[in-house]
Structure formats: C-alpha cells, structure tokens
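A.B. asks: I am attaching a structure below and will ask some questions about it afterwards.
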C-alpha cells in the first residue's frame with residue numbers, strides 16, 4: 001500500500017555503486033516476490049486439492065487471506081520493483097490503476113487478518129454458538145464485507161482523484177502541478193483527509209480489534225491450561241498418595257512441581273505464539289502507516305517535521321508488503337496444511353512415521369485426564385496431525401451447555417486458528433484449533 005511512491009534514483013551514489021545497489025535490490029526484491037507467490041500459491045492449491053481443508057469454515061478466511069496476498073505479489077510488488085530498479089516509473093498512465101490495486105490488495109490482506117482474529121475469538125469463547133452460526137454463508141458474508149471495504153477505499157477515491165492533495169502555489173508564483181511528473185515516478189501525494197481516513201480503515205481499527213481479540217484468546221487459553229494442569233496434578237496426587245494400613249488416615253505427600261512447570265511452559269508458548277502473530281503484523285505495517293499519516297503534513301522542505309525521505313518511505317512500503325510473504329507461514333503452517341504441502345511437493349516420504357501420531361486429551365467420567373493416540377499411514381492426509389487438543393471446560397456459556405446436554409449439538413467443535421498451534425512439551429503440540437465441547441460431567445459431546 002504505497003500511494004506516496006518514489007524511486008531510488010535520488011540516493012546520489014556513484015555510478016558503479018549505484019549499479020551494484022540496483023543489482024542487489026533486484027535480487028532481494030525478486031526473492032521476496034517469489035517467496036510470496038510460492039507460499040500463497042501453495043495455500044490455494046492445498047485447499048483446492050484436499051477436500052477436508054475445504055470442509056473447515058475457518059479455512060475460508062485463510063484462503064481469502066492467501067488470495068489477497070497473492071494479488072499483492074502479482075499486481076503490486078513486481079511493478080514497484082521495476083520502478084525501484086529502473087530508477088523511474090516506466091508504465092506511464094498505469095500509475096493510477098496500480099495505486100488502486102495497491103491500496104485494495106493491502107487493505108484486503110489486513111482486513112482478512114482482522115476477520116481471522118474475530119473468528120478465532122468467537123470459536124474459543126462461545127464454541128457452541130460458533131458451531132451453529134458460523135456457516136459457510138456467514139463466512140462468505142464476512143469475507144465479502146472485507147473485500148467490499150477494500151474496493152470502496154481504493155478504486156473509487158483513486159479514480160475520482162479524491163486521494164490526491166490539492167496543488168499549492170509557492171511564494172514565487174511559479175505553479176508546478178503534481179501531474180507534470182506523474183508519468184515519470186508515480187508520485188502521488190495524499191490529501192490529509194484521505195491519508196488519515198484510509199489508514200484508520202486499513203490499519204488502525206483492524207489492529208485495535210486484533211489486539212483485543214488475541215488478548216482475550218490468551219486469557220481463555222490460560223484458564224484452560226490451568227484447569228487441565230489442576231486435573232493432572234489431582235490425578236498424580238491421588239496415584240502417589242497411599243493410606244496407612246492402621247487407621248486409614250491419608251499420608252502427607254509432596255506435591256510435584258513438574259505439573260506447575262509444565263503449565264507455565266504451556267502458557268508461555270501460547271503467549272509466544274500470539275506475540276509472533278501480532279508482532280510480525282505490527283512490525284511490518286506500523287512504520288508505513290505512521291509515515292503515511294505524517295507525509296501529508298510535511299511542508300515543501302524535507303527538513304521540516306513530519307518529512308520522511310523517499311528511500312526510508314520505500315523501505316517502509318516493502319516492509320508492509322513483506323507481511324504477505326509471512327502470512328502463509330504463520331496462518332497456514334498448522335499440521336493440516338503441512339501434510340497437504342508435503343504431499344503437493346512430494347516430500348512426505350522424508351517424514352518419519354512417528355510424526356503421524358495423533359494424541360488427544362480427554363476427561364473421563366471421574367474427571368481424570370486421559371491421553372489416547374493412534375497412527376496414520378505415512379503420506380496420508382489426516383484431519384488431525386500430531387496434536388494435543390485443549391478442552392474448553394465450561395468455556396461456553398451456561399445456556400449453551402444446557403442446550404448441549406439437552407441434545408442440541410452432535411458434532412464436536414473442531415475449529416480454532418491454524419496460527420494458534422503451539423508446543424506443549426517436547427513431544428506433542430497443543431492446538432487451540434481443535435476444541436471439543438464438554439458437558440458439566442466432563443464428557444465430550446458426541
């Protein structure tokens with residue numbers, strides 16, 4: 001999303017250094033574009049190829065994100081890279097269309113990230129309600145809203161030139177229109193109104209929503225982990241403690257600290273995962289959107305406050321686009337997609353059979369934690385791969401639980417973000433993606 005663009009021919013480097021710099025820039029930008037294309041194409045191909053990935057409503061949002069990032073890699077990044085390497089904008093009147101695509105695709109990517117965070121929060125905070133109401137139709141409505149907003153704040157203002165700052169007359173009376181140089185550098189100075197309003201819609205409001213949702217998700221996950229840890233400690237305590245043969249009084253037995261350490265490690269890794277999700281997004285896009293709001297307030301002299309030189313601004317632009325190359329790694333590298341990618345790339349034979357173990361945590365009638373596992377044939381695409389599933393005991397509202405006990409919902413809830421898969425211990429993973437509703441008795445609903 002780079003409406004304020006300029007090329008790097010102002011660096012003032014000697015000819016040889018300038019040529020070397022352009023070569024290095026070309027190599028780096030080519031790798032970035034190719035990695036973005038490869039990652040997002042794999043996500044799209046996996047969803048198209050494997051039916052079980054299409055059966056999950058949450059993957060609709062992941063595929064929408066991949067499409068928006070793929071468009072960034074096809075319609076936006078290559079043309080800016082050409083301008084960076086050539087030192088000028090070589091595509092002439094294509095500038096306005098490119099700017100519109102840039103704003104639309106970047107905004108769609110960010111709004112899809114926001115929708116994913118809301119979807120994940122709803123799935124973990126109200127699993128029964130989520131199972132009933134998050135239908136494919138509801139998902140398509142949310143996706144349509146994200147894309148519609150992206151189009152509305154991009155093509156309409158750009159085509160009507162609402163996004164451009166009004167030309168100013170300098171004190172010497174010599175007027176120079178921004179249009180005079182537009183064919184050479186595609187430099188569009190945004191109006192203050194458009195810069196602030198578009199930044200609010202494209203970034204600041206979505207990032208505020210994401211902070212709230214992921215903070216809430218962490219708190220809910222923390223409660224789940226501590227609840228399971230308490231059940232584990234109770235089971236170990238009951239097993240280790242024996243009664244005396246004489247009077248039957250319980251013998252004092254020491255509490256093991258291993259369960260407390262494991263609980264702390266689980267919470268820490270959940271926090272790390274959520275921090276990576278938010279940290280990558282904010283680090284990539286925040287510098288650009290801060291500068292995007294500052295530049296319209298910059299005066300004619302670059303030494304004034306709010307002014308940013310063209311090279312720094314270009315770096316911020318590419319930082320934002322780099323987020324599109326990282327999204328497939330963060331949001332689509334859960335077990336489901338990893339197996340699909342391995343099959344698509346033909347490298348699943350390199351994976352040992354032990355990696356196909358599926359371990360599930362459940363609670364029996366006595367409230368004890370039970371671990372069960374089975375193995376999948378090597379190379380097969382399983383819905384559940386090498387994960388330990390957290391149980392959201394009493395996460396749903398009491399009203400939802402009553403309806404569930406009355407026989408309302410039959411299917412287990414198998415939804416939470418691919419981005420929220422974290423390691424519990426050295427051998428297994430915990431995934432907030434797979435959450436099965438439980439009743440008051442501690443049993444899974446079936």
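Each Cβ is built from the backbone N, Cα and C atoms, and glycine gets one as well.
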A.B. asks: If Swiss-Prot is the reference, give me the range from 273-299, 354-380, 381-407, 408-434 marked as transmembrane segment.
C.D. replies: 273-299
A.B. asks: Same topological domain, and so the same side of the membrane, for residue 164 and residue 307 in Swiss-Prot?
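C.D. replies: According to Swiss-Prot, residue 307 sits on the same side as residue 164.
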A.B. asks: Under 8 Å between C-beta atoms and at least six residues away from its ends: which parts of the chain pack against the transmembrane segment (23-48)?
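C.D. replies: 8, 54, 59, 62-63, 66-67, 69-70, 72-74, 77-78, 81, 84-85, 318, 321-322, 324-325, 327-329, 332, 337, 340-341, 344-345.
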A.B. asks: In whole Å, how far is residue 95 (disulfide bond) from residue 347 (S-palmitoyl cysteine) when you measure between their Cα atoms?
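C.D. replies: Their Cα atoms are separated by 42 Å.
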A.B. asks: Measure the Cβ-based neighbour count of residue 347 (S-palmitoyl cysteine), defined as the other Cβ atoms within 10 Å of its Cβ.
C.D. replies: 10
A.B. asks: Other Cβ atoms within 10 Å is the metric here; tell me which of the disulfide-bonded residues 95, 186 scores highest.
C.D. replies: 186
A.B. asks: Can you break down the topological domain 'Cytoplasmic' (119-137) into helix, strand and coil residue counts using DSSP?
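C.D. replies: Grouping H, G, I as helix and E, B as strand yields 16 helix, 0 strand, 3 coil.
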